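Participant: Pasting in a structure now, in structure tokens, and then I'll have a few things to ask.
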């Protein structure tokens, strides 16, 4: 039907006859001449119909979002009427004929006025929202990114192999989406949270290099960067080590950013241990564009009478830190400090102490804060020296249980960085390594990544003889601008070590056999050293397109309650279907 897309129409086609198809984006009547902006996925082109044209009445009857096909001759626009904002802006099409393919009702919101439209409305009419050039750009970028990744992995010897969607429920952290079996009454499949076990089994099978662009499912509480169904770039390889995975993935991600948005990353990426990340930034996914670091002042506060600081300073499970904001006296108002105090409270902090440094020459008198009177001058100036604080700087303090301080002050660091625009570069990719093997909660051990991550031991004897809380894992995360975009590890390839890890996690031998018997069996049949990584496609595209909402980069996303406003999923099903599955629905008591 068409000969050209809108973006193809330029001055090189002057005098040529073309056919375009698309939507009427805008219609204008100037002195009896009809101007139509025709939109397709590549952009806009201007179509002009003069009153003496046989199709003038048809052109005059067009309204926004009518779908049309038009023929005409490409002409240079009159001098001074060029539009530099569109690729076809130097030319226009003088219309010969036009055909209305389909009319449109008045759309629920104007594409140019989307910011004043509620997200619920945009999600209900997603097919309208996706007509916006901004949304089309994001999904086109997604397509380009996935194409690049496929080509890279194909060219590096990885095989695209599909794994099952109907699989066995296994305890991986989040709740599974369950699918009842009609043939096996009372039994359920689970939609996979990841292809973890299947990709490891492919390594046992000898495929050596695997990848898959795959949907995964987690029935968990949602936030701005989470969806119940999401897409992973899933990768696994045999006879390799951490260095192979990290260097190969650096090349892939650096190439991806250069190919899609023209950004060049220096390689190799910075590498930081988990312990350093937590110590300096309170987070295992720090945004290194923000030049703010924690300074540990625990020892300095141990002998002070100020219990807010000395209490945590003498508690092995707590920490005391300072965070210096250069020029913070002028940049941060009292109102902002009050807001930050409320902000850290979200993470469990009981308050937010601060000191304004007005004058260093005046000693304690030059420091402004409600807490200054409670701390000795010697200690105050030790802290000032440690933090390299200068006049007009402001110091924030975190004191309390280690997790609360890390979470609250880590979040505060990121918020201040954004509020004051402290970013000293556009991009900051890094690897975080040497994660703890386990984390403890409610007096029980949990896998920090997943139960198949290899510990940094060579034998089951080493595993038995090491305090589990001191074990490091062979895991690695890729972080870009404070987002964890990918995570992986070298896997356990020996059956006895895998069985012992299950045991340390409180999984009995019987439960391990029931849930993972097939995996334990496979590990006894000659399993190679192997490892891999998975990247969140949705998060990567968020970074590539500069959005903070994951729903912007998915064609048909769910809401934060995991519903689809357009199709009204989830929905009820008939009693007949439920009976076939042997399911009775228990009505929620109100």
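In case you wondered, yes, glycine gets a Cβ from its N, Cα and C as well.
The feature L-aspartate binding site is assigned by Swiss-Prot to 172, 218, 449, 491, with sequence analysis given as support. Per Swiss-Prot, ATP binding site is recorded for 218, 219, 220, 227, 484, 536, 537, 538, 539. Swiss-Prot lists 196-199 with the feature region 'Aspartate'. Taken from Swiss-Prot, the feature site 'Important for tRNA non-discrimination' applies to 30, 80.
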Participant: In the predicted model, what is the mean pLDDT computed over the region 'Aspartate' (196-199)?
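Facilitator: Here the mean pLDDT over the region 'Aspartate' (196-199) amounts to 97.
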Participant: So among 220, 449, 537, all listed as binding-site residues, which is physically nearest to residue 80 (site 'Important for tRNA non-discrimination')? Use the C-alpha atoms.
Facilitator: 537
Participant: If you count Cβ atoms within 10 Å of the Cβ of residue 220 (ATP binding site), leaving out that atom itself, what do you get?
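Facilitator: Residue 220 (ATP binding site) is surrounded by 14 other Cβ atoms within 10 Å.
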Participant: Could you measure between residue 220 (ATP binding site) and residue 449 (L-aspartate binding site) for me? Cα positions, answer in whole angstrom.
Facilitator: 17
Participant: Around residue 484 (ATP binding site), how many other CB atoms lie within 10 A of its CB?
Facilitator: 17
Participant: Ten-angstrom check, please: count other Cβ atoms within 10 Å of the Cβ of residue 218 (L-aspartate binding site), all chains counted.
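Facilitator: For residue 218 (L-aspartate binding site), the 10 Å Cβ neighbour count is 21.
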Participant: Nearest to residue 491 (L-aspartate binding site) by Cα distance: which of the binding-site residues 484, 537, 539 is it?
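Facilitator: So, spelling it out, the nearest of the binding-site residues is 484.
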Participant: Give the number of CB atoms, excluding that of residue 449 (L-aspartate binding site) itself, located within 10 Å of its CB.
Facilitator: 19
Participant: Could you tell me which of these recorded positions, 30, 491, 539, has the greatest number of Cβ atoms within 10 Å of its own Cβ?
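Facilitator: Neighbour-count leader: 491.
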Participant: How many helix, strand and coil residues does the region 'Aspartate' (196-199) contain under DSSP?
Facilitator: 4 helix, 0 strand, 0 coil
Participant: Near residue 537 (ATP binding site), how many other Cβ atoms are within 10 Å of its Cβ?
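Facilitator: Result for residue 537 (ATP binding site): 22 neighbouring Cβ atoms inside 10 Å.
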Participant: Taking only the Cα atoms, work out how far residue 484 (ATP binding site) lies from residue 449 (L-aspartate binding site), in Å, as a whole number.
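Facilitator: Residue 449 (L-aspartate binding site) has its Cα 13 Å from the Cα of residue 484 (ATP binding site).
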Participant: What's the CA to CA span in angstrom from residue 539 (ATP binding site) over to residue 218 (L-aspartate binding site)?
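Facilitator: The separation of the Cα atoms works out to 16 Å.
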